[in-house]
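Peer 1: Per Swiss-Prot, topological domain 'Cytoplasmic' is recorded for 1-43, 198-215, 231-239, 280-289, 324-338, 438-465, 500-522. Per Swiss-Prot, the feature transmembrane segment maps to 44-64, 155-182, 240-256, 263-279, 290-306, 309-323, 339-359, 415-437, 466-485, 488-499, 523-539. Positions annotated as topological domain 'Lumenal' by Swiss-Prot, on the basis of similarity to another entry: 65-154, 257-262, 360-414, 540-716. For Asn118, Asn704, the entry in Swiss-Prot reads N-linked glycosylation site, with the evidence type similarity to another entry. Marked as intramembrane segment by Swiss-Prot: 185-197, 216-230.
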Amino acid sequence: MMYIRQRKETKPIEVSEDFPSPKEDVKLEKKLPSGCASGRFWKILSSAVGGTVALCIGLLTSVYLATLHENDLWFSNIKEVEREISFRTECGLYYSYYKQMLQAPTLLQGFHGLIYDNKTESMRTINLLQRMNIYQEVFLSVLYRVLPIQKYLEPVYFYIYTLFGLQAVYVTALYITSWLLSGTWLSGLLAALWYVTNRIDTTRVEFTIPLRENWALPFFAIQIAAITYFLRPNLQPLSERLTLLAIFVSTFLFSLTWQFNQFMMLLQALVLFILDSLDMLPAMKATWLYGIQISCLLLVCTLQFFNSMILGSLLISFNLSVLIVRKLQKNLKTGSFLTRIWKLLLHLLLVFCLTLFLNNIIKKVLNLKSDEHIFKFLKAKFGFGATRDFDANLYLCEEAFGLLPLNTFQRLSETLLFYAYMFVLVVTVVTASVVAFHNLSDSTSLKSMDQTRKRAVDLKPEAAYNLIHTILFGVLALSTMRMKYLWTSHMCVFASFGLCSSEVWELLLRLVHLCNPKRIWVLRYLVPVLTLLYLCYKSWPGVMDELSELKEFYDPDTVELMTWINSNTPRKAVFAGSMQLLAGVKLCTGRTLTNHPHYEDKSLRERTQAVYQIYAKRSPEEVHALLRSFGTDFVILEDSICYERRHHRGCRLRDLLDVANGHEMDGPGESDPDLRPADHPRFCEEIKRNLPSYAAHFTRVFQNKTFHVYKLSRNK
């Protein structure tokens, strides 16, 4: 039975100064909800404004680039053949498969034509979905055929608008990455504006629309944004899973759309390896990211009909090596400073050796030689011996694969980007060095200190990741100009993050003993705002001039050539010539090619060198036999190659062929002593004299100021 009794008297509890009294607590309870609600409201409002600005600036960038493309070519007014010719070199080759899919009677026949293609390389049937990264063209062609837009939008506009739309995604992803790092969307706005004002050095989409990197880099930027968020500490399990999904999807799409994906992700894996080794990143999160890279590559490999070049990539070998060695090498992150250093050096050596061992084993098992030209090029580029290899020299002599020109930094400095970037880089490198030393030192005493007080110098994992990322991609850009677009876009993100980062300004103010929250707040907002105002003042007149400058596509010689081929040659005719021109022939005429610009195949590289003997010192009988061995009916000679002056002596195409053939080069200057004079004159020059020995094998059927087309006789 329940009773009610008098409550026992209890002693009053002394309230500490750190805790409010009951009366004060009641007052706080009345105040907190409104304060929390107000803070939450401003946070939601700020996020809404920041998100709206991100979408707007992404769309504006897309429209801006599309307008520049239209103004430069007058794309809406030129003929279809001129539009297709404007897709130069390999861009035209990729677009031709989009066109091929649209022209196929059914989607099934279109797929069959790509899987069993016999027009891209004569006398061969190749699987284009295995050889090339063209799933994006397949996807777009399917969308165009399925969606009810044929009456309102031409296929070419659907294609280019998709690419310009991806630029909006790209800029938005850069914006979000900078916002995540700094904690303010003002940083994202500054990053996006820097990207636009440094357009010459951050993108080339407006004049190389179908290029693989223009498809891939937006997904790469999304992946970096997702990784930046994933590396934040104390994420909720649901947020972590959703972020991992975003990383997986973006990594997969990046891998699917660009053949150089494995090299970019190898640098990312190195970033993770460095941070994990220096204890600046949670080991489990690094493991997740290694696993995502491997699984995405294997999935792409499956979709590309088990492309052996993917299986033999250094990335897969490296990631497997890291995971294996880390499992075998126990207690890697314990001990004194010197002990940790020795363990780390051993770890590096084991991973490096195991990577080379696994990669060599895989390549021998698969008999993989498709990527050997890349390693020959790298070996020659970094001074590990001269080479006469035609393919390696072809890359070495291209400006795009040379060192980054110094005038790039001059242009980047005009918008203050380079100055801001170097300022932030120096501060964060010093911070990272201190943190790395702290982590590698004897951890027992330092960890006890951390339990009582926060470190004076610290670097968040997401900031550390972006720091090492920008350093490694900077080294890549400095060594190979073509890769600068990977660095300069991230440079915008990193510089804007630093200017808006409270951690960066706090560290600097501490050094001069002027640190307080108000000064930090003023600097992190005042400096970016002043920079934004300067950018608007400096760049607005130039942007207006660009938008008002109207040009027009003009290439009458190439238009005349394509029109003649369409009207005067059989549809099954086989054409030989330069890789760049033949891509246009494939797109504009649908004729069969002997070779093309997609260079990631050993047999194709050998065939290209054989076809290029038309610019070497070879007899007409030799050239005729080589061309006929590939089923050639017509050969196109270009004066711009035969009499080339763009490159210096030793880098002209005819010089590369002469050296590869063991012949002395033309023109003033010395040749290597073991090179000998050729027995025959240069074919592309001598054939124009119409001598009997040439006329017996080649008949000129077309000529203009740029091109000469010869029909091959079928006699042996």
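Cβ atoms are placed via backbone N, Cα and C, with glycine included.
Bear in mind that the values here come from a model prediction, so they are computed numbers and not experimental data.
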Peer 1: Relative to the Cβ of Asn704 (N-linked glycosylation site), which residues of the same chain, six or more apart in sequence, are found under 8 Å away?
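Peer 2: Same-chain residues close to Asn704 (N-linked glycosylation site) (Cβ under 8 Å, separated by 6 or more) are Asp557, Glu560, Leu561.
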Peer 1: Which residues of the chain, 6 or more past the ends of the topological domain 'Cytoplasmic' (198-215), have a CB below 8 A from one of its CBs?
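Peer 2: Distal contacts: 65-66, 68-69, 72, 87-88, 90-92, 94-95, 133, 136, 159-160, 163-164, 166-167, 170, 257-260, 408, 411-412, 415, 417, 484-485, 488-489, 492.
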Peer 1: Taking the transmembrane segment (523-539) as the first stretch and the transmembrane segment (415-437) as the second, find out whether 3 or more Cβ pairs fall under 8 Å, excluding pairs closer than 6 in sequence.
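Peer 2: The transmembrane segment (415-437) and the transmembrane segment (523-539): touching, yes.
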Peer 1: Over the topological domain 'Cytoplasmic' (1-43), work out the mean pLDDT and round it to an integer.
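Peer 2: Across the topological domain 'Cytoplasmic' (1-43), the average pLDDT comes out at 47.
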Peer 1: For the topological domain 'Cytoplasmic' (324-338), jot down how many residues DSSP puts in helix, in strand and in coil.
Peer 2: 7 helix, 0 strand, 8 coil
Peer 1: Restricting to CB pairs under 8 Å, which listed stretch, 240-256, 263-279, 339-359, is in contact most with the transmembrane segment (415-437)?
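Peer 2: Going through each listed stretch, the top one turns out to be 263-279.
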Peer 1: DSSP helix, strand and coil counts for the topological domain 'Lumenal' (65-154)?
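Peer 2: Final tally across the stretch: 55 helix, 2 strand, 33 coil.
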Peer 1: By a simple count, how many Cβ atoms lie within 10 Å of the Cβ of Asn118 (N-linked glycosylation site), its own Cβ left out?
Peer 2: 12
Peer 1: Do any residues of this chain, six or more beyond the ends of the topological domain 'Cytoplasmic' (231-239), have a C-beta under 8 angstroms from a C-beta of it, and if so which?
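Peer 2: For the topological domain 'Cytoplasmic' (231-239), the nonlocal Cβ contacts are 180, 281-282, 285, 460-462, 465.
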Peer 1: Report the listed stretch (240-256, 263-279, 339-359) having the maximum count of Cβ pairs within less than 8 Å of the transmembrane segment (466-485).
Peer 2: 263-279
Peer 1: If contact means at least 3 Cβ pairs within less than 8 Å, sequence distance 6 or more, would you call the transmembrane segment (290-306) and the transmembrane segment (339-359) in contact?
Peer 2: no
Peer 1: Please state whether DSSP places Asn704 (N-linked glycosylation site) in a helix, a strand or coil.
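Peer 2: Asn704 (N-linked glycosylation site) sits in coil per DSSP, no helix or strand.
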Peer 1: In terms of Cβ proximity under 8 Å, which residues at least six beyond the ends of the topological domain 'Cytoplasmic' (324-338) contact it?
Peer 2: 279, 283, 344, 346-347, 350-351, 354, 437, 440-443
Peer 1: Near the topological domain 'Cytoplasmic' (500-522), which residues from the same chain, at least 6 beyond its ends, have a CB less than 8 A from one of its CBs?
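Peer 2: Same-chain contacts beyond the flanks: 178, 181-184, 186-187, 190, 424, 427-428, 431, 456-460, 463, 528.
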